[in-house]
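Trainee: Below are the features listed in TrEMBL for this protein:
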DOMAIN    7-130  domain 'Phosphotransferase system enzyme I N-terminal'
DOMAIN    156-227  domain 'PEP-utilising enzyme mobile'
ACT_SITE  HIS191  active site, tele-phosphohistidine intermediate
DOMAIN    254-540  domain 'PEP-utilising enzyme C-terminal'
BINDING   ARG298, ARG333, ASN453, ASP454, ARG464  phosphoenolpyruvate binding site
BINDING   GLU430, ASP454  Mg(2+) binding site
ACT_SITE  CYS501  active site, proton donor
Amino acid sequence: MEVKIIEGIPASPGIAIGIALKYEKLKPKVTKKEIKEHEVDAEIDRFLRAIEKSKSELHKIFTLAVEKLGSEGAQIFEAQLLMLDDKMIIDRIIERIKVEKVNAEFVVNDEVEKYIKFMQSSGDDYLKERAHDLEDLKNRVIRNIQQEKWLSRFDTSRIVVAENLTPADALLFSRNQVLGYATDLGGITSHTAILARALKIPAVVGLREATKFIKTGDTVILDGYKGIIIINPNQSLIDEYQEKLTRISEFEKKLEQLRFLPAETIDGKKFTLLANIELPDEVDEAIQKGAEGIGLFRTEYIISNGVIPDEDEQFEEYIKIAEKIYPGKVVIRTFDIGGDKIFRDYRREDNPFLGWRGIRVGLDKPDILLSQLRAILRASVKGNVMVMFPMVASLEEVREVKKMLELAKSQLRERGVKFDENIKLGIMIEVPSAALMAKEIAKEVDFFSIGTNDLIQYTLAVDRGNETVAKIYQEFHPAVLRLIQFVVESAHRARIPVSMCGEMASDPYATILLVGFGLDEFSVAPDSIPRIKQVIRSIKYRDARRISKRALVFKTQGEIKAFISKELKGIIPEFDF
Ligand code: PEP
Ligand code: MG
């Protein structure tokens with residue numbers, strides 16, 4: 001049999017070697033049927049019983065999600081449960097069954113499809129992803145009206161290959177010791193990808209043609225690091241990957257022992273490792289993985305269902321983190337709403353990433369910004385809280401936000417509330433204009449944090465969430481590296497520290513360059529801390545400086561990557577996965 005490799009997008013790290021199970025979810029068939037007057041009540045009853053059954057199924061899924069992911073991670077399913085309680089839609093469906101005298105599944109399909117179409121045509125990635133959830137919910141209800149069973153249990157230890165998976169599928173399958181997920185559709189930010197990472201199941205998405213070439217029973221290798229799936233691998237490939245698996249598990253064991261050791265190069269240069277968190281509950285994990293503090297708290301995640309919590313509610317969240325991480329610090333970023341993260345005042349835009357996003361929203365809605373700043377200031381009494389602003393593009397904006405912070409301080413003084421008078425103010429460097437103005441801006445703020453997720457997207461004009469252009473989203477593009485180097489140098493000239501909180505900080509291939517550039521702090525997902533620490537502890541600052549200087553001379557990402565790969569292999573031989 002011929003070996004075939006399909007390339008996709010790496011969505012959750014890890015390697016799986018095993019038997020494929022092709023999962024084809026049959027869409028329920030819906031046909032329109034007329035019903036008689038005396039059948040109307042029974043039809044409505046059938047519909048309402050299906051709603052109850054769907055609720056009880058979702059309750060079970062929700063409980064499983066809470067168990068595996070914690071309550072915050074289970075929110076997707078809570079949202080689906082809430083939709084089932086939407087009285088307006090339910091009444092409308094009942095009304096249509098009564099008036100039009102047609103079968104329940106037809107009305108459910110027709111009615112919910114309207115919302116789905118609206119969401120899909122919105123041109124907004126977040127809404128499109130929610131349309132997917134709604135489709136899943138609709139199919140669940142229709143299946144229950146038709147009283148069909150759905151496959152959720154199957155042979156254990158399989159690599160599931162599907163056109164697409166809903167978050168509920170991914171969660172339910174995880175009970176069967178699934179080895180990995182491979183899907184034709186999906187991007188790295190889809191809920192299924194996020195769930196796979198949380199469940200620590202290797203996954204590759206956006207494979208386009210996996211279901212066309214893979215049959216149930218085929219042997220496959222799924223490489224969640226590289227984002228590929230190998231169909232019918234020969235023995236030497238299997239051996240190679242088995243060896244890799246052993247090496248990785250030994251490496252992971254070694255990493256556990258690093259927890260209490262400093263992030264220090266062999267020749268004694270120290271770096272600070274911080275964690276990025278989305279939920280206050282993640283602080284414990286961050287500490288456990290060896291984080292010295294929180295380098296980025298993405299506050300927009302406390303906005304639930306588009307509603308922004310008030311000052312007191314926000315204060316409760318912030319103080320919880322500040323207390324837990326004390327004496328370590330926490331950098332609280334003001335709401336980065338807009339782009340792919342929406343809230344209630346959201347306005348439809350053709351180019352949301354270039355539109356009303358981050359600090360632009362904050363400055364247009366001073367009430368929102370001021371109440372958040374007051375909440376952050378109140379949490380700063382012990383002196384370990386810093387405030388940071390997203391999406392800053394000009395010095396004017398820096399000056400504006402500084403004024404806002406002063407205003408929030410004076411409002412608190414009037415109320416007699418204590419806070420850290422010397423709270424440090426920093427900005428994200430994630431818009432190329434801010435990077436190019438770094439020298440000037442550095443003189444007016446206390447710190448920088450480089451947000452490479454957006455900096456790369458805006459520098460290369462490549463949408464960070466679009467799978468079609470994922471290949472040209474280049475972390476090691478010379479333009480990106482030059483900007484980063486310039487930002488670090490500018491910060492140091494002004495004697496302010498510079499951190500990086502974009503995903504690039506957690507890429508071990510980039511570590512040697514960032515160390516060489518002199519980045520002070522790395523802020524990464526808690527899980528990535530030991531790996532980055534391991535790289536830092538395996539290199540010499542002197543070598544890193546030489547390598548990073550040399551890397552800036554190359555003219556393409558290909559050349560740069562090949563160069564780093566070669567250098568790294570010489571320094572840390574176990575690092576070729
Ligand atoms: C970034 O842009 O790199 C960043 C850290 O911010 P976010 O991913 O929240 O946009
Ligand atoms: Mg960003």
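For all residues, glycine too, the Cβ spot is worked out from N, Cα and C.
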Trainee: Of the binding-site residues ARG298, ARG333, GLU430, ASN453, ARG464, which ones put their CB under 6 Å from ligand 1?
Mentor: ARG298, GLU430, ASN453
Trainee: At a 10 Å cut-off from the C-beta of ARG298 (phosphoenolpyruvate binding site), count the other C-beta atoms across all protein chains.
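Mentor: Taking every protein chain into account, the count is 17.
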Trainee: Quick one: which of the binding-site residues (ARG298, ARG333, GLU430, ASN453, ARG464) have their CB closer than 6 Å to ligand 2?
Mentor: GLU430, ASN453
Trainee: So if I measure Cβ to Cβ from ARG333 (phosphoenolpyruvate binding site) and keep only same-chain residues at least 6 apart in sequence, which ones fall under 8 Å?
Mentor: LEU296, PHE297, ARG298, THR299, VAL387, MET388, PHE389, PRO390, MET428
Trainee: Counting only other Cβ atoms and using a 10 Å cut-off, which of the binding-site residues GLU430, ASP454 scores lowest?
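Mentor: Fewest other Cβ atoms within 10 Å, among the binding-site residues GLU430, ASP454, is found for ASP454.
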Trainee: Rank the recorded positions ARG464, CYS501 by how many other Cβ atoms lie within 10 Å of each Cβ and give me the one with the fewest.
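Mentor: Result for the recorded positions ARG464, CYS501: minimum number of other Cβ atoms within 10 Å at ARG464.
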Trainee: Whole-number Å distance between the CA of ASN453 (phosphoenolpyruvate binding site) and the CA of GLU430 (Mg(2+) binding site)?
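Mentor: About 8 Å separates the two Cα atoms.
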Trainee: Using DSSP and three states only, what is ASN453 (phosphoenolpyruvate binding site)?
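Mentor: In three-state terms, ASN453 (phosphoenolpyruvate binding site) counts as helix.
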Trainee: Looking only at the domain 'Phosphotransferase system enzyme I N-terminal' (7-130), how are its residues distributed among DSSP helix, strand and coil?
Mentor: 84 helix, 16 strand, 24 coil
